Amino acid sequence: MSVVGIVAEYNPFHSGHEFLMNQARLIAGDDPIIAVMSGNYVQRGEMAILDKWSRARSAIEAGADLVFELPFSYAVQAADMFATGGVDLLTRLGAKNLVFGVEDANLNFEYFGDRISKIPRQRQEFADYSQTYSTQYNQMVAREIGHEVSEPNAILGLAYAVANANLGSPLKLSPVNRVGAGHDDILQREAVVQSASAIRNLLLNGAERSELEQWLPKGEIAAFDQEKVLPNWELLFPFLKYRLESASIKELQQIYQMSEGLEYKFKAEIHLAENFADFLRRVKSKRYTYSRLRRLSLYTLLNVTEADVLNSYDHVSTMLLAYSKRGRKYLKQQRKDFEIDIVSKVDRKNAQEGTLGLQVRVDRLFEQIVGADQNFGRRPLEVN
């Protein structure tokens with residue numbers, strides 16, 4: 001069985017994702033496509049613009065057969081941990097092939113991943129405070145493999161390859177050339193495929209839904225029509241300000257990835273910042289990327305500590321969000337062989353455990369923003 005896996009955020013689901021899904025179907029044939037998707041919080045350190053259930057439905061309608069949630073402990077992380085979580089979950093769920101979009105599908109990702117995975121860990125630790133960690137890491141990669149990997153999707157593809165190599169290469173890697181606008185490009189109205197960032201900006205700036213029809217599926221547009229609030233950092237900024245002003249330095253030092261005195265910088269600059277974008281500019285330095293600072297801001301807002309994240313890895317599970325008829329058949333046949341707990345219903349007991357426990361806790365704030373329960377009382381969506 002040639003089960004194909006995809007790691008995604010679908011923030012939101014757009015025509016570029018649909019293109020990749022079609023490419024995955026060419027590989028899978030009649031076998032299932034499994035998508036492991038970020039939940040209500042995404043890698044760049046912010047709330048998803050649409051809840052996980054709506055995005056999962058769009059993925060099934062576009063051709064996926066099963067959508068599982070990538071736990072918060074992996075989803076809101078730098079590329080290496082994000083990729084590790086995605087590849088590990090897909091492997092445990094029986095996937096044999098990983099399809100992902102990149103700027104140049106001719107690159108030998110399996111070879112690159114194998115080379116980089118063999119680099120001793122101490123050579124991946126950098127002390128140049130005039131550059132970000134990611135810049136120094138990319139420079140090291142270029143030296144090791146003789147090829148500069150700088151495009152955002154290629155960097156993520158390389159992270160998948162390294163994660164796969166570290167796990168013993170359980171998945172065949174199938175990179176696919178992206179089409180349309182780049183990862184963080186500004187709006188290109190003539191493009192058939194628009195970047196998710198540009199689409200989010202359109203939505204947050206009040207674009208007419210008719211303006212989005214060429215880039216978003218009808219089901220996704222209908223979901224946005226039902227939303228009263230689109231989550232974003234400017235909406236959350238007052239809560240972050242309260243959190244930073246009310247917490248002690250000692251409390252902030254317990255926050256996941258709070259290091260090198262950033263707790264003092266955060267606490268000092270929050271008083272002066274007019275909004276979240278201004279706050280990020282004030283705390284930005286050559287040492288940290290904006291994504292790193294957004295993630296740290298999110299951990300702070302949600303009071304996610306180092307202990308919370310480390311303890312969550314003691315019991316890793318994944319929530320089933322949506323499935324097709326083909327997906328249901330696959331689950332029935334293969335579930336007993338999965339090397340991971342599948343959560344179809346959140347209850348008082350499992351809501352206290354591992355990755356699910358942290359996920360349920362952080363979703364509480366998302367629920368307050370959008371006004372809808374995200375875990376308790378929800379069951380996987382069957383989409384035909």
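Each Cβ is built from the backbone N, Cα and C atoms, and glycine gets one as well.
Among the features that Swiss-Prot reports, ATP binding site is placed at 7-20, Gly101, Asn153, Arg178. Applying an 8 A CB threshold to same-chain residues 6+ apart, the list for Phe19 (ATP binding site) reads Val179, Val193.
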Candidates Tyr10, Phe13: member of the binding-site residues with the richest Cβ shell (10 Å): Phe13
Reduced DSSP assignment, Phe13 (ATP binding site): coil
Asn153 (ATP binding site), number of other Cβ atoms within 10 Å: 17
